[in-house]
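A.B. asks: Take this structure first; my questions come after.
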Amino acid sequence: SFIGEESVAAGEGSILTDNPTWIIDPIDGTTNFVHRFPFVAVSIGFVVNKKIEFGIVYSCVEDKMYTARKGKGAFCNGQKLQVSGQQDITKSLVVTELGSNRDPETIKIILSNMERLLSIPIHG
């Protein structure tokens with residue numbers, strides 16, 4: 001099976017089944033792309049039985065290929081990635097994206113989530 005983000009955004013329905021399924025967003029960061037902001041990628045995932053098996057993200061402007069496979073780790077241009085050992089949340093940096101949906105109910109949910117994030121004693 002195949003699910004394309006752009007076709008879903010255009011109103012086509014999609015249902016994730018247990019079938020092997022490719023999930024593709026050819027312009028991940030469409031708003032960034034439209035505004036010539038350089039954080040744009042091609043994102044591809046492969047799912048079996050509704051569980052992700054592997055994913056690939058190609059950051060076009062940076063020419064970086066991120067890959068990850070279930071149980072095998074994540075890599076950037078072939079170099080293994082790992083999370084930091086930081087356990088103190090006050091030294092963390094939280095980054096979020098608000099999305100492009102301006103529906104009043106969606107805005108209410110986003111603001112509620114932002115309020116919760118801003119309550120955490122994070123570094124930035």
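Every residue gets a Cβ built from N, Cα and C, even glycine.
Copying in the features that TrEMBL gives for the protein in this structure:
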- Glu5, Asp25, Ile27, Asp28: Mg(2+) binding site (BINDING)
A.B. asks: Counting other Cβ atoms within 10 Å of each Cβ, which of the binding-site residues Glu5, Asp25, Asp28 scores lowest?
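C.D. replies: Checked Glu5, Asp25, Asp28; of these binding-site residues, fewest Cβ neighbours within 10 Å: Glu5.
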A.B. asks: What count of other C-beta atoms do you get within 10 angstroms of the C-beta of Ile27 (Mg(2+) binding site), across all chains shown?
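C.D. replies: For Ile27 (Mg(2+) binding site), the 10 Å Cβ neighbour count is 16.
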